[in-house]
Amino acid sequence: MEEGSLWRQWTMFRSLLSILQWWGFNVTVIIMNKWIFQKLDFKFPLSVSCVHFICSSIGAYIVIKVLKLKPLIVVDPEDRWRRIFPMSFVFCINIVLGNISLRYIPVSFMQTIKSLTPATTVVLQWLVWRKYFDWRIWASLVPIVGGILLTSITELSFNVFGFCAALFGCLATSTKTILAESLLHGYKFDSINTVYYMAPFATMILGLPAFLLERNGILDWFEAHPSPWSALIILFNSGVLAFCLNFSIFYVIQSTTAVTFNVAGNLKVAVAVFVSWMIFRNPISPMNAVGCGITLVGCTFYGYVRHMLSQQQPGTPRTPRTPRNKMELIPLVNDKLESKI
């Protein structure tokens with residue numbers, strides 16, 4: 001009896017620890033990226049994304065090949081180009097759009113907009129795959145959309161370009177989720193193996209555009225910045241932490257239930273919003289805060305509805321279900337793929 005009690009306490013402690021370290025890495029990566037764009041004046045989102053991809057490629061190789069902390073999931077060479085490469089392309093676009101939006105709009109606004117991802121995923125699955133969704137799923141999306149509309153209307157630091165980048169980032173995230181269900185069918189990828197295969201492709205895809213479009217700007221920045229080497233160390237550290245974030249996602253998925261994962265994910269957004277406001281002091285109106293709150297409550301309610309419907313007895317109409325390991329595919333920068341690098 002006492003052993004059972006100790007085991008439950010250890011399980012709860014491990015779950016809490018996994019959530020806290022996930023929050024810590026996620027919030028730190030977001031704040032560091034915003035700091036790089038705003039405080040260090042390094043306004044080159046393609047290069048920032050490329051650094052993150054390189055660090056993640058190296059980190060995944062070390063974890064799987066050197067330290068052997070995770071077994072390698074073997075992928076047929078043909079499937080790497082036929083399945084992994086298209087996923088890597090969408091993944092690359094998703095991360096770049098997230099960093100572009102972070103350059104132009106506050107963290108609080110960007111994180112709130114990304115909460116639209118469940119809605120865009122449902123709509124795309126309905127339009128493209130003609131999947132059936134219970135009316136309760138559609139109803140649960142109303143507060144999410146309403147909250148984001150209220151937040152957008154009342155945002156004091158609104159920027160059209162940043163808003164569009166975040167919005168298209170949601171569409172890219174949703175597309176990635178839908179593609180994962182078909183292209184990665186048969187492969188049980190965890191977040192580390194996903195990074196191992198996709199990050200090198202993403203580096204290859206983004207390397208040339210980053211070099212051609214941002215090379216001159218980076219050289220000018222390097223000459224004008226008072227301490228460029230210190231800034232580059234911060235940039236490199238943000239890439240290392242971005243990989244650590246993926247490792248923390250694997251840990252939290254293994255240590256929590258689906259409901260806990262959903263609630264913790266939405267609370268994580270609230271933590272990121274609060275911490276970013278404490279650091280950058282971007283103006284937030286009362287109605288803007290209300291809109292953000294409505295959105296987060298709506299996301300939590302949406303997760304609850306999906307979980308409730310997934311537990312229905314066989315034979316009862318069910319909604320399409322996304323496995324938890326596809327809910328947050330390698331957010332090398334932002335966490336939610338329903339986020340994420």
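Cβ coordinates are placed from backbone N, Cα and C, and glycine is handled just like the others.
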Discussion item. Checking feature assignment: transmembrane segment per Swiss-Prot, candidates 116-136, 284-304. Which range matches?
Written reply: 284-304
Fill in: Contact between the transmembrane segment (233-253) and the transmembrane segment (141-161) (3 or more Cβ pairs under 8 Å, separation 6+)
no
Worksheet item: Any residues 6+ beyond the ends of the transmembrane segment (284-304) with a Cβ under 8 Å from its own?
Response: 108, 112, 115, 118, 137, 140-156, 259, 262-263, 265-267, 269-270, 273, 277
Worksheet item: What are the DSSP helix, strand and coil residue counts for the domain 'EamA' (33-152)?
Response: 94 helix, 0 strand, 26 coil
Response to the item:
Across the domain 'EamA' (33-152) the predicted model averages a pLDDT of 93
